[in-house]
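The structure under discussion appears below in the form of structure tokens.
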């Protein structure tokens, strides 16, 4: 289809639209200046619009009363502007001037699927990066345990393929491994053997066996731990589960005020001077954790409850006593008022009798 035939086809369609519009209008009289201004305004708008596939058709019915043709502005897809005059004139002008402009906009916007696919790829890539940067709970706990002293370190699980370290002798597998605040490692085996390592040793290497025996001299339930290792400051820190522990040092005697720092869920033991006849170099370690056992916590709660109930009973007793005193005071007041009332009644009778005798 050639360019000329396209223009003719568009003009024919526009004339048909103009005829239909003019027939549907009742009162469409406007001045020529208004039509020209509207046409110029539509030209500016069509010049600013950058959509190539946009076609605007403006139909303005204009007439000053007689012989004023309708002006139609057409913008072609190539950017050309065509003015088309209507053939049908307005039959009768109206006093009311109501300009009516009909704008038909046809826009075609093609959206490709490539943008959506690229956004989905970017979102999945960002999600994978966030998940890869997110630290694990074990890593966070290891960092916390390395920064804060006295918190047990969480050892990574070793594979079964790794062999036994050469510095560790053949011994029973320990059930619990703990680390003190000075860097020593303490392992408690199933048979009751305690193994302690020096602060300079690597991991659990260099563990030294400690003999733990029971003795009849200390109080029942206590445990004697004998060890020959000695640290730089002459003290040892270890953990033994139980309520009371007796520690014996073969080389140096522990200070009575020495505190064995505990980590994890193990109780804290405070070394104190023995109260019984124990061998020289043996001191008693009492666990303050036993003071906060569930049984004692329950007893403490029961004691507080009983104390509160006792205070409530005392307050109620005092309230009842004051109420009784108040009632008794009111009863005494009523009795006094009754006596006064009787006295006044007797005086009134006496005065009446006296008045009657005088009247006679």
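Every residue gets a Cβ built from N, Cα and C, even glycine.
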| note | Expected hit for region 'Disordered' in Swiss-Prot across 20-52, 53-85 is 20-52
| query | Swiss-Prot lists region 'Leucine-zipper' for one of the ranges 264-285, 330-351; which is that range? | reply | 330-351
| query | Could you give the Cα-Cα distance between residue 293 (phosphoserine) and residue 118 (phosphoserine), in whole Å? | reply | 62
| How many other Cβ atoms are found within 10 Å of the Cβ atom of residue 118 (phosphoserine), counting all protein chains shown? | 11
